[in-house]
Protein chains: 2
Amino acid sequence: MPDFLNDKKRYYTPVEYVFDKVGGLYKMPILWRLKDKSLRFSELKRSINRASDRMLSKTLKELVADGFVSKEIIPEVPVKTIYTITEKGKRSIAIISTLREYGFELMKEDGIEH
Amino acid sequence: MPDFLNDKKRYYTPVEYVFDKVGGLYKMPILWRLKDKSLRFSELKRSINRASDRMLSKTLKELVADGFVSKEIIPEVPVKTIYTITEKGKRSIAIISTLREYGFELMKEDGIEH
DNA sequence: CGGGATCCGTTGTGATACTG
DNA sequence: CAGTATCACAACGGATCCCG
């Protein structure tokens, strides 16, 4: 008895839906970096250098498909791509910011330095 | 180059830390149900019936170990266990509430009925 | 009643090599 | 430069059975 379906996937809570759309290791880091400026693939790669090319590419593709990010291709040689946050993406920033604050709070509570 | 370490795990962002502590399919649903009343294992099980016994047990154990929930065992026959949210657990409720609201907003934006 | 033990499938992520 | 293809692996979650 699912709460609701979308794109053939089952979700039981709205939080589950959020995690599916902007969860995982790289989606929020990407959105966070795009929040006030557009970036190229290689710039994102340098900024989030722990992500492999494959994961960065895959994650960006999902963000574009879900409407959080738009992609512009400039057909020079070599090719340039520019990723820009959308209005929908901007509406996710508040949540990321809140999660970051809670994360710092939790880390302090747990005695973690950073 | 990790941002920080804890319990031999690597975290690169505070959000990652949050996801590790209260992420996954069942932690937030459990905390949400315990926010204003204590519940027994079987009550949680009935309420979150999509979770298997194993996952419910495993998840509760982690929440107890991380200090979000406390556990009381009443040694009758048969045994009773009572799970109660802690102060630390209560501080997570605001985040869950915010995520729920954003989830509903996102679902509406995506044209999902519920 | 409240789990633990075991086994297994799926998914997320990583490493490397390659290409238009 | 911006990816894709391929292979591999560990973590997460599910199913079933068992037990104090």
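Glycine is treated like the rest: Cβ placed from N, Cα and C.
The following features are taken from TrEMBL:
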- B:13-111: domain 'HTH hxlR-type' (DOMAIN)
Tally the residues of the domain 'HTH hxlR-type' (B:13-111) by DSSP class, grouping H, G and I as helix, E and B as strand, and everything else as coil.
60 helix, 14 strand, 25 coil
PLDDT averaged over the residues of the domain 'HTH hxlR-type' (B:13-111):
97
